[in-house]
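I have placed the structure first, in the form of structure tokens, so that the comments after it can refer back to it.
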Amino acid sequence: MSFSSLRRALVFLGACSSALASIGPVTELDIVNKVIAPDGVARDTVLAGGTFPGPLITGKKGDNFRINVVDKLVNQTMLTSTTIHWHGMFQHTTNWADGPAFVTQCPITTGDDFLYNFRVPDQTGTYWYHSHLALQYCDGLRGPLVIYDPHDPQAYLYDVDDESTVITLADWYHTPAPLLPPAATLINGLGRWPGNPTADLAVIEVQHGKRYRFRLVSTSCDPNYNFTIDGHTMTIIEADGQNTQPHQVDGLQIFAAQRYSFVLNANQAVNNYWIRANPNRANTTGFANGINSAILRYKGAPIKEPTTNQTTIRNFLWETDLHPLTDPRAPGLPFKGGVDHALNLNLTFNGSEFFINDAPFVPPTVPVLLQILNGTLDANDLLPPGSVYNLPPDSTIELSIPGGVTGGPHPFHLHGTDNPGPWFLHCHIDFHLQAGLAIVFAEDAQDTKLVNPVPEDWNKLCPTFDKAMNITV
């Protein structure tokens with residue numbers, strides 16, 4: 001066998017397993033620059049742990065996560081500072097560990113580290129983590145996070161739930177952000193683009209007769225995906241960290257930052273089947289030559305690409321068909337306006353900036369949390385002007401966000417939920433956030449200092465960052 005043939009064979013065999021390496025809940029996470037070519041085109045990136053996607057971080061319900069993030073970024077053509085947001089974590093009493101730059105912290109600078117220390121007393125399910133500084137996560141800094149429930153009430157529905165059953169979807173760009181549109185869709189870090197139809201694809205292996213809990217995570221910066229697996233149905237049992245009553249579908253649409261757990265019964269003929277994630281981007285749609293695809297391979301099937309055809313989707317997921325396994329009931333009274341405070345968020349776009357109630361979000365030089373800790377409590381005095389809203393304690397809030405705005409649909413993400421502190425609300429299309437589509441809720445500002453005592457290392461972040469950036473405050 002020639003060297004080139006051996007290399008091709010090794011690469012092909014290496015693609016046969018797409019299980020992610022697992023770390024945590026107490027760990028160190030190096031943030032590094034690296035040149036990678038997940039779709040065959042080499043480019044500079046920013047990565048967690050030197051891999052794309054970043055390593056799977058795991059823990060159990062009740063764990064104390066202690067993740068020391070070490071900034072080893074040196075590529076001056078890209079951002080060399082960073083922050084990490086632990087997407088979906090409530091961060092009760094640890095608002096300072098939430099991660100969005102200039103909302104709850106200053107960025108970590110090259111050569112420094114910062115310990116994110118938070119507990120998950122009541123949360124379980126499928127989450128993820130990513131940079132929350134400008135557009136940095138689009139350049140690679142994103143990975144899955146799973147909190148397992150040792151007493152999962154739906155464990156009887158599946159046989160396998162481990163690192164081999166996590167599926168990540170990502171848009172991929174051949175140049176540093178913000179150049180749109182994406183060149184490729186990556187599934188578990190591998191994919192093809194029209195210019196290289198022979199790049200490796202992720203292979204997810206199953207054994208006939210077993211039931212698998214797959215955890216699907218959209219780490220997208222922009223597109224949403226229609227996700228299907230040829231010849232198989234999916235029984236959804238979790239959405240965004242919430243257990244749902246089992247609901248069977250043939251396909252689903254998943255937006256940026258969303259997560260679903262579904263059970264797949266490996267009861268079809270031993271063979272290879274296409275996994276499809278079709279983006280809503282006209283230039284990259286379809287499945288010609290294996291783009292937007294991965295492979296579901298039964299043990300014992302030949303090592304080759306599938307020949308299955310996409311079947312007609314007759315039972316597509318409608319989110320209104322999902323119901324919580326345990327329904328705590330929504331707060332407030334069951335009609336519009338049956339709350340303590342109703343807020344209408346009017347979204348507009350002028351061609352380059354987004355506005356919420358006539359204000360674009362522009363990151364302040366002093367984080368909102370630091371402003372509050374220094375005694376500025378009124379939203380009218382907090383920066384950025386027009387983008388901070390006070391929420392009183394022990395109140396129910398109704399948000400109204402109109403549809404039909406340019407660039408939609410806009411998948412909005414609310415950090416925190418019911419805890420004192422400044423919490424980001426923003427569109428999770430990262431390019432829209434960068435263009436101002438965000439606000440901050442200063443919830444129970446007067447109690448923030450008492451409820452969220454910050455560690456000494458947090459106090460050092462801003463002076464260190466300001467010195468590195470030559471900022472005078």
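Placed from the backbone N, Cα and C atoms, the Cβ positions cover glycine too.
Record features, source Swiss-Prot:
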DOMAIN    23-148  domain 'Plastocyanin-like 1'
CARBOHYD  ASN75  N-linked glycosylation site
BINDING   HIS85, HIS413  Cu cation 1 binding site
BINDING   HIS87, HIS130, HIS428  Cu cation 2 binding site
DISULFID  CYS106-CYS462  disulfide bond
BINDING   HIS132, HIS415, HIS426  Cu cation 3 binding site
DISULFID  CYS138-CYS221  disulfide bond
DOMAIN    160-298  domain 'Plastocyanin-like 2'
CARBOHYD  ASN226  N-linked glycosylation site
CARBOHYD  ASN283  N-linked glycosylation site
CARBOHYD  ASN309  N-linked glycosylation site
CARBOHYD  ASN346  N-linked glycosylation site
CARBOHYD  ASN350  N-linked glycosylation site
DOMAIN    365-444  domain 'Plastocyanin-like 3'
CARBOHYD  ASN374  N-linked glycosylation site
BINDING   HIS410, CYS427, HIS432  Cu cation 4 binding site
CARBOHYD  ASN470  N-linked glycosylation site
Out of ASN309, ASN350, ASN374, which of these glycosylation sites is nearest HIS410 (Cu cation 4 binding site) by C-alpha distance?
ASN350
Out of ASN75, ASN309, ASN350, ASN374, give me whichever of these glycosylation sites has the highest number of other Cβ atoms within 10 Å.
ASN75
Closest of the recorded positions to HIS432 (Cu cation 4 binding site), Cα to Cα, picking from ASN75, CYS221, HIS415, ASN470?
CYS221
Can you tell me which recorded positions out of HIS87, CYS138, ASN226, ASN350, ASN374, CYS427 are within 10 A of HIS415 (Cu cation 3 binding site) by Cα, answering none if there aren't any?
HIS87
Nearest-integer angstrom distance between the alpha carbons (Cα) of CYS427 (Cu cation 4 binding site) and HIS413 (Cu cation 1 binding site):
6
Under a three-state reduction of DSSP output, how is HIS426 (Cu cation 3 binding site) classified: helix, strand, or coil?
strand
Rounded to a whole angstrom, what is the C-alpha distance between ASN350 (N-linked glycosylation site) and ASN470 (N-linked glycosylation site)?
32
Spatially, which candidate from the recorded positions HIS87, ASN374, HIS413, CYS462 is nearest to ASN346 (N-linked glycosylation site), comparing Cα atoms?
HIS413
For the domain 'Plastocyanin-like 2' (160-298), would you mind checking the mean pLDDT of the predicted model?
96
Rounded Cα-Cα span from CYS221 (disulfide bond) to HIS85 (Cu cation 1 binding site), Å:
14
Using DSSP and collapsing to three states, where does HIS130 (Cu cation 2 binding site) fall: helix, strand or coil?
strand
Intrachain C-beta neighbours of HIS426 (Cu cation 3 binding site), sequence separation six or more, cut-off 8 angstroms:
PHE361, PHE412, HIS413, HIS432, LEU433, LEU437, ALA438, ILE439
Tell me which residues of the chain lie with their Cβ under 8 angstroms from that of HIS428 (Cu cation 2 binding site), as long as they are six or more apart in sequence?
PHE255, ALA256, ALA257, PRO411, PHE412, HIS413
